[in-house]
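Colleague: Mind looking over this structure? Questions follow.
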There are 2 protein chains.
Amino acid sequence: MTTEEDADLDAVVAGVRERVDPAPEERERLTEAVDALTERVQEALADHDVTADVVQVGSTARGTWLAGDRDIDLFVRFPDELPREDLERLGLVVGRQVLPDGHEEFAEHPYVKGEFEGFDVDLVPCYDVPAATDIRSAVDRTPFHNAYLLDRLDDDLAGDVRVFKRFLKGIGVYGSDLRTKGFSGYLSELLVLEYGGFEPLLRAAADWQPPVEHDPEDHGTRTFDDPLVVVDPTDPERNVAAVLSADNVARLQHYARDLLADPREELFFPPERDRLSAEELEGHLDRRGTLPLAVAFDAPDVVEDQLYPQLEKSLHGVVAELDRRGFEPLRAASFASEGEDQPFDRAVLFVEVAIAELPKIQRHNGPPVHVRQHATGFYETYADSDVYGPFVDGDRYVVERDREFTTPESLLESDALFDVALGAQVKQQLKAEYEVLVGDDVVALTERFGVELRDYFDPTP
Amino acid sequence: MTTEEDADLDAVVAGVRERVDPAPEERERLTEAVDALTERVQEALADHDVTADVVQVGSTARGTWLAGDRDIDLFVRFPDELPREDLERLGLVVGRQVLPDGHEEFAEHPYVKGEFEGFDVDLVPCYDVPAATDIRSAVDRTPFHNAYLLDRLDDDLAGDVRVFKRFLKGIGVYGSDLRTKGFSGYLSELLVLEYGGFEPLLRAAADWQPPVEHDPEDHGTRTFDDPLVVVDPTDPERNVAAVLSADNVARLQHYARDLLADPREELFFPPERDRLSAEELEGHLDRRGTLPLAVAFDAPDVVEDQLYPQLEKSLHGVVAELDRRGFEPLRAASFASEGEDQPFDRAVLFVEVAIAELPKIQRHNGPPVHVRQHATGFYETYADSDVYGPFVDGDRYVVERDREFTTPESLLESDALFDVALGAQVKQQLKAEYEVLVGDDVVALTERFGVELRDYFDPTP
């Protein structure tokens with residue numbers, strides 16, 4: 001890396017910071033909103049006979065949010081001895097009082113989400129436990145994360161966190177939701193802290209040899225089977241990067257090298273990709289010579305973190321069965337379109353196979369002829385049936401008998417689909433209704449899933 | 001096995017013996033012919049200044065030939081000290097004198113083959129060595145085999161040898177030539193001797209658990225990796241069943257059980273099978289839904305024992321390459337038709353594949369992204385080329401790039417055919433000329449190879 005390239009990277013980072021650093025007015029408005037909300041919560045609490053404090057958490061609490069993000073996370077910490085029913089009830093009562101136009105959402109317990117002076121506010125009840133290892137629900141851990149980072153992130157590092165998070169967003173690996181399986185905000189901040197800034201983190205990531213292990217507090221008590229391990233500074237048993245996929249580690253490595261070799265803001269702010277058109281899809285099918293198949297159905301009424309693991313499991317089940325039946329899946333993906341009355345509308349298991357048709361017969365190996373009882377049983381089973389053989393090959397009997405499914409669509413259209421491992425609610429939906437699209441029929445999917453199909457047929461690292 | 005079934009088997013064996021035991025007149029004519037030939041050989045030897053004796057060997061020497069077989073094998077044993085050139089020269093001179101209308105053939109050295117009073121006579125020169133372990137050429141061993149069996153086979157056992165040989169012929173596993181890889185005459189006789197008759201041999205074979213090992217003289221000095229081992233009573237280093245294939249061991253086991261369960265002469269004298277007609281072949285192709293392919297070429301001018309190993313090697317090479325390229329060979333066979341001016345005329349490598357067409361692209365896995373130098377090299381190789389990707393899958397780069405052969409016939413029609421392991425002279429012939437038949441075109445093969453195609457498409461154990 002020459003000095004000139006260093007200068008290029010510095011200039012790019014400076015350019016990115018200009019776009020992601022919140023302006024003073026934005027910070028001011030945020031502080032005012034948080035103060036007003038905190039006061040409202042305390043007033044609401046005063047109406048009920050309970051002591052609790054209010055903690056602001058999340059990126060807006062630590063100055064690591066990206067300009068324009070408008071999320072305020074306020075946690076109301078109730079005493080440890082409060083029964084869970086009371087915590088849930090009081091959490092909602094206070095939430096509704098503070099955000100009268102808000103609505104309930106559900107994580108490990110219910111909380112209230114609403115708008116306040118242009119900000120999206122989460123008002124979450126949690127327990128005030130002595131340490132992160134004593135938590136009663138996952139949300140209890142958040143204030144500890146918050147405190148740990150607040151103590152360590154100065155303005156410089158907070159700025160680098162914003163650059164790193166923008167980079168992760170740009171390359172598509174930001175977010176610990178179960179669809180993305182990327183880097184959470186907390187993980188991003190710990191990594192910047194661990195490496196002392198964006199650029200050293202970038203250079204290190206370019207050279208990572210997974211498994212890469214960090215234990216900032218040097219207190220880890222177990223081993224993890226993950227490509228990246230960052231032991232939670234507030235919990236020695238927990239890998240902060242547990243959700244992160246190997247793919248996304250590799251992607252960060254790829255783009256870190258790319259950015260170092262050719263620094264450019266475009267990697268932080270990639271242009272939106274066009275939807276794949278029907279004509280483009282047809283062109284790809286022609287160019288590839290594969291057979292695409294799609295199982296399309298109404299998405300179950302569940303949130304993203306429930307839907308995507310089920311789609312993934314179902315897709316894996318379908319791919320494994322197509323493989324076992326000899327159709328050689330080449331690549332596969334699942335899609336879901338946003339719904340109006342429920343989170344998702346229509347879902348698709350999309351598989352491209354190499355083999356469009358198999359022979360009517362298939363080889364079936366019998367036992368070695370010398371295993372007399374077993375062999376005689378096999379021979380007698382097939383001797384008078386409509387198969388080729390039994391004949392001898394090596395030391396075994398062999399027959400060529402009818403194959404159950406000669407095309408992949410006949411498999412997908414049969415009840416055999418329900419014998420594969422499917423997500424529970426996906427299975428329910430499929431049992432009610434589904435459609436199999438084959439070959440050029442999949443062109444119809446470009447209407448709903450043009451963006452996803454662009455990613456599939458014009459894949460980037 | 002009930003007494004009734006025993007009686008059935010006895011009756012079948014008696015019926016077979018009636019058909020395979022040579023009549024007294026046949027025995028008499030044979031003895032006369034052998035005597036006359038022996039006298040002629042001795043007269044011829046007298047013209048040359050060398051002492052040698054004449055030994056009758058083979059099944060006609062031991063009374064184990066099947067009625068109607070007309071082979072007389074006479075070995076002329078020359079002194080051990082005679083130079084090889086002299087043995088070869090004298091062997092031919094004597095041979096031509098005794099059989100003036102005969103012709104030369106070649107085993108390990110030349111000998112004369114001719115007709116005499118309706119018998120096919122082999123007149124073979126060999127060395128008179130002190131023991132079978134001192135032989136200078138394979139033919140020197142034969143007189144020792146002959147002496148060993150003559151000492152031990154009485155008329156009863158000789159009769160059982162005839163029945164066993166007829167059984168082996170009936171089920172298609174008789175002959176140690178490299179096409180059949182079956183039971184030699186010598187092996188058949190040793191087995192009948194070892195088990196004390198046809199029926200005990202049959203019952204034992206039905207229960208064999210290969211590897212089955214016999215060492216009649218209990219003098220074996222090495223181990224063998226063969227399904228059946230019979231240590232040569234005249235040579236502790238040699239397995240008489242070395243050529244026998246696992247398939248043929250299994251076939252003997254199958255048909256031994258079949259004969260015991262349902263004794264019938266038909267197994268000894270099966271009806272000749274009809275040639276497969278063009279219509280029948282088309283019916284099979286339709287029923288099977290496979291793609292048949294044939295590489296047809298002029299057979300090299302070599303004898304059976306040279307041709308078949310080369311065809312087998314070539315077929316194996318072609319099948320392995322079709323498999324490696326993703327076309328999933330289902331079954332394969334090689335055929336050769338008899339020639340007029342040379343042993344064989346036209347030869348065919350016949351392969352049935354499950355996959356008639358593959359996509360234009362194929363997946364190609366690159367290195368793990370974290371192996372930086374290697375991974376960067378891979379990425380740069382493909383980044384600007386006409387492939388899908390590189391994209392990340394798991395921890396690796398992957399591309400989907402053009403497949404070289406999308407149909408099996410395009411592979412067989414290309415020079416890639418010459419990169420597979422082929423028999424040397426088969427390769428020469430293919431380089432000069434060959435034809436690829438695909439799909440229904442193979443119907444043309446029924447003209448020359450109707451019998452072989454019957455065995456292929458109506459396979460028996």
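Glycine is no exception: its Cβ is also placed from the backbone N, Cα and C atoms.
Note that this is a predicted model, so its numbers are computed, not measured.
According to TrEMBL, the record shows the following:
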- A:41-145: domain 'Polymerase nucleotidyl transferase' (DOMAIN)
- A:S59, A:R62, A:H145, A:K165, A:Y174: ATP binding site (BINDING)
- A:S59, A:R62, A:H145, A:K165, A:Y174: CTP binding site (BINDING)
- A:D71, A:D73, A:D122: Mg(2+) binding site (BINDING)
- A:160-269: domain 'tRNA nucleotidyltransferase substrate binding' (DOMAIN)
- A:288-439: domain 'CCA-adding enzyme C-terminal' (DOMAIN)
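Can you tell me where each of these features sits in the structure?
Modeller: Per-residue pLDDT, averaged across the domain 'Polymerase nucleotidyl transferase' (A:41-145), gives 91.
Around the Cβ of A:K165 (ATP binding site), the same chain contributes A:V20, A:T64, A:L66, A:Y174, A:G185, A:S188, each under 8 angstroms and 6 or more positions distant in sequence.
Under the three-state DSSP scheme, A:H145 (ATP binding site) falls in the helix class. Around A:H145 (ATP binding site), the same-chain residues six or more apart in sequence whose CB sits under 8 Å from its CB are A:V57, A:A132, A:Y186, A:D232, A:T234, listed in sequence order.
Cβ environment of A:D71 (Mg(2+) binding site): A:G58, A:S59, A:T60, A:W65, A:F119, A:D120, A:V121, A:D122 lie under 8 Å away, each six or more residues apart in the same chain.
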Colleague: Please list residues from the chain of A:R62 (ATP binding site) whose Cβ is under 8 angstroms from its Cβ, counting only those at least six apart in sequence.
Modeller: A:N146, A:L149, A:L150, A:L153, A:A158, A:E189
Colleague: Please list, in sequence order, the residues in the chain of A:D73 (Mg(2+) binding site) that are at least six apart in sequence and whose C-beta is under 8 Å away from its C-beta.
Modeller: A:Q56, A:V57, A:G58, A:T60, A:A61, A:V121, A:D122, A:V124, A:T142
Colleague: Which chain neighbours of the Mg(2+) site, leaving out A:D71, A:D73, A:D122, have a Cβ atom within 8 Å of the mean position of the site's Cβ atoms?
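Modeller: Near the Mg(2+) site, beyond A:D71, A:D73, A:D122, sit A:V57, A:G58, A:T60, A:I72, A:L74, A:D120, A:V121, A:V124.
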Colleague: Could you give me three numbers for the domain 'tRNA nucleotidyltransferase substrate binding' (A:160-269), the DSSP helix, strand and coil residue counts?
Modeller: 50 helix, 15 strand, 45 coil
